[in-house]
Amino acid sequence: MGRDVLNFNVDWLYIPEDLNDAYKFDFDESNFEVVSLPHANKTFPHHYFKEEDYRFVSWYRKHFKVDERYKGKKVYIHFEGVITVAKVYVNGEFVGEHKGGYTPFEFDITEYIKYGNFENLIAVQVDSREHKDIPPEGHLVDYMLFGGIYRNVWLKILNDTHIKDVYFVVDKLQDSVAEISITTTIAGKEISNGKILTEVINKEGVVCSSVVTDIKEMQKEIVQQIKMDNPLTWHPDHPYLYNVSVKLIAENEILDNYTFKTGIRTVEFRDDGKFYINGEPLKLRGLNRHQTFPYVGGAMPDRVQRKDADILKYELGLNYVRTSHYPQAVSFLDRCDEIGLLVFEEIPGWQHIGDENWKNIAKENLKEMILRDRNHPCIFMWGVRINESLDDHDFYKEMNEIAHKLDRSRPTGGVRYLRDSEKLEDVFTYNDFIYNLEGKIQLPNHKKYMVTEYMGHMYPTKSYDNLNRLITHARLHALIQDKQYGIPNMAGASGWCAFDYNTTSAFGSGDNICYHGVCDIFRLPKFAAHFYRSQADPHLYGPYVFIASYLIPSFEEENGDKLLVFSNCEEVELYINDKFVKRQMPNRVDFPSLPHPPFEFSMKECGINYMEVRVNNASITAIGLIDGKEVARHTLRPYGKPHKLILSCDDNEIMADGADCTRVVVSVVDENGSILPYANIPVSFEIEGEGKLIGENPLTLEAGRGAVYVKSTRKPGEIILKAKSHYVAEESNVSIKTKSIGY
C-alpha cells in the first residue's frame, strides 16, 4: 500500500562510553553489549543514587539490511525520544542532530543506505549530560531526566511522493451532525492525476463517511470537508474511536495510505468558567503524572506506559491527567484515547527560561509536540508555557501564536504559580498551594481558570508513614477536591501528583524521591489514592469501598475517634465480625460538593475499641450499599506475623523482544492474607528461563510491598521469578510466558 513502518527496536549494540570513532563502519564492537529499545543508559536502585551517574555520553550501533524491493523509495529513521542530544550517523556519514529529549525527530537516510544483503550501520551518539542550553535545563529542575534511547525507533519506507501529515479536526458538533476538516500535506515529487481518498471507518470496518479530492498542479496541501450524521462521539465515559484512512492515489495506484485512530468530539472553556466536551459541561478531576519509573526512569516499553494510563483511569478514578512537565510517550496517549482519559499536555521545562537559542528549542519542542499529537482526542489543551516560569511577554505571545496556528481546535494554557501573572493563554492555569493545609484553594481570578497543582510538597507522605499522616494526607486531597467541585466557575483541578518520582538532590526527602504522590513510585496506592477511586461513577466504573485505617492498637489522637471510609456507594454499613454496628450516609457536612463524599464513623458511638478488637482477633467490615443492596465490601483484620510472600504480575505473557517487561508486585501477608503495612523486610529474588530482573536484589519492602520488573530476552519461553525472605518460611514464585515477535 506504499507505506511500511518497521519496528527498529531490537539487536542494538550499546556502550556507556564516549568513543571518538564509534560512528565508523569498521569500529571494534567487541566491548559493546546487545540491547533492545527502549533502553536506559544506566539502571539504578529506586532511591539513593546520584543524578550525575546517568549524565554521560554513550553510543548505540545497529546493523540492518534494506530489502531490494525498497529501491527507489524514501527511507526515514524515526526516533520517538532520546535524552538529550542525539547525533545520528549512517554507514559512517553524519545524518543529523536533535536537541531535546521529549519530542520525536526523523531523518531521511535514503542517500546513505545500500540494499540487498549489504549490512548497513546506524550509529547514534547519545549525550545525556547536563545541557543548560536545552529545555528543561539551565537551572534547578525538580525531576530527573535520565538518559539513553528511551523510546521506540522506527524505520519508515515510503514512496518518493507520500503523505507527510494529516490533521483531523472536528469544526462543529451539533444536532447529531459532525462537520470535519481533514488537511493532508504531501511531500515529494509532483504527480499527475493525483487524488486524496479519505475514509472514516467504524470498529466493524464499515466506511461511515468518505471524500475524494483531486490534487491540483503544484498543490501540497489538500483540505477536505466531511459531514457525518449521528456519529458515535468520544467522551471520557464512552470513548469511541474511528479508524481514519487517507490514501494518496495516482494513475489508479495507491502511493500511500496514512492511517490513524481518532475520536469525534469538541472541547472548549466558556466564559461561565466551565469546561465543555461535546457541548456538555464536565468537571475535570485529575492528577499530574511524571513518566518516571523505578530503576530505569522513562525507559519503559509500550506495555508499561499503557498500564500507567489504566492505573490513572481505573485505579484512581480520574477523568484527566496533566503530563508534567513534558510530552510523554505516544503509547501512553494512545491508551488515553482508548479508555477516555483527558490529557493536558505541556512542553518541557521547569521554572527557568533561557536565552534566545534556548527559547528557539522550546519553540521547536512545541511544534514537534503539537504535530505529533494533534489527532489525539484525549488531548484537550496545550501547555505552551514553561511550568511555573515568570512572565516573558514576547516569548509567550509567540508560543501561543504557534499553538493556534498548528491547531485551531484546542485552547492553550500556561502553568504558573503567581496569581498576577500576565494571561496570554486561553485558560489561566494555576498551581495553588497557599491554603492546602486548611483543605482549601482560592477562587478563580479569570473567567477561564483551572488549578493544575495542589498538595504535593505541602504534605509529602510516604507509603510507610504513620497512620495519622496517611489519613490526613487523604483527607486533605478530599477537602480540596470538594472545594473545587463547589466552585461552579472553576473548570477543574489536578493534584500533585499521581506517583512518587525520582528527583535531584535539591528536592525531595534526601533520598532522590519526591513523596508527593497518592501512589508510591511502584504505582502502589496510599490512602489518598482510594479517595480518588471513590469518586468514579459506580454505575460506569464499579462500586467501591475502602476503610482508610489499619487495625492496630495504637492510634493518634488527631483522628482517634473517626473511622474514615471512602466509597461511591449511597450508604455504608459497618460490622464488627458479623455483628451489625451502624448504617451511615456520606458526610455532606464537611464535603458538601463531592460527587461521593467520604463516610465518617464515630468509633465511640459505634462502640469500637481498637485494643479490644485487636485482643479478640475481631475484624471490621464496611459494606457499600446501592438501592439498599450490597455491592462492595472491605474488611480489616488484626495483623499477625509475616507468613507468606505474594507475587502478582500485571501480565502473564510478554513479547520476546528483549525490552518488553511487566511489573511484579511483592507483598508480605499474615495468616489471614492481610498485607503487613509495617513489615519493611528484605526480599531476595532468583530468575530462571528467558528473562532478566529489573530492580534491586534484595529489595526492601515499603509498607509491606514493593515491585520489580521482569524483562524478556530475545528467545520465547517461560520465566520463573522466585522470591524469598528469612522472615517467612516458604519461597514464592510466579510464571510469565514470553512470545516470539517473529524476527
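Going from the start of the chain as shown, residues are counted 1 onward.
Every residue, even glycine, has its Cβ placed from backbone N, Cα and C.
According to Swiss-Prot, the active site, proton donor annotation covers GLU388. With a cut-off of 8 Å between CB atoms and residues at least 6 apart in sequence, the same chain places TRP350, GLN351, VAL415, ARG416, TYR417, ASN431 near GLU388 (active site, proton donor), listed in sequence order.
The active site, nucleophile feature in Swiss-Prot is assigned to GLU453. Neighbours of GLU453 (active site, nucleophile), defined as other CB atoms within 10 A of its CB across all chains, total 27. According to DSSP, GLU453 (active site, nucleophile) sits within a strand segment.
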